[in-house]
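Q: This is the structure I have questions about; it appears just below.
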Amino acid sequence: GSSWNSCDFETNLCKVLPEFNLQPGWTRRNGQSGMGPPYSDHNGNESAYFLSLSSEMQSSSAALRTSVFLPTDEEHLCQVRFHYWVSQMSGTLMVGLQKYSEDTVTNIWQVSGELGDQWNENTITINSTEKYEV
């Protein structure tokens, strides 16, 4: 059976993204914050919250780490669906997978800013025989 953990940032960060995993540069804001585009969330809602990486961070990188997920098997695949906005200025958005037995993060998906200023949606399917973070 599938169970979705939905995450909308309306009240805080969600269970999937614990507060202490938010690196400097990330802000929880909405389209009315006066911080530039996007001026609404992916549904066109100007007061809905999303996470945004400040423009001062252009030269460096900042990660968002999920909490720990349990191993997947034939019955329990993990699908991560997310909405994202990459401005032409802001470089590359990457999704990485870190398994518990490995020190390094494996890059499993990435996109750069040439899509222009618009919301996009993506779903990633993850298989892991051990605990992992995304």
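Glycine is no exception: its Cβ is also placed from the backbone N, Cα and C atoms.
Sharing the features that TrEMBL gives for it:
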DOMAIN    5-134  domain 'MAM'
Q: Please compute the mean pLDDT of the model over the domain 'MAM' (5-134).
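A: Looking only at the domain 'MAM' (5-134), pLDDT averages out to 86.
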Q: Summarise the domain 'MAM' (5-134) as counts of helix, strand and coil residues per DSSP.
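A: Looking at the domain 'MAM' (5-134) with DSSP, the answer is 9 helix, 46 strand, 75 coil.
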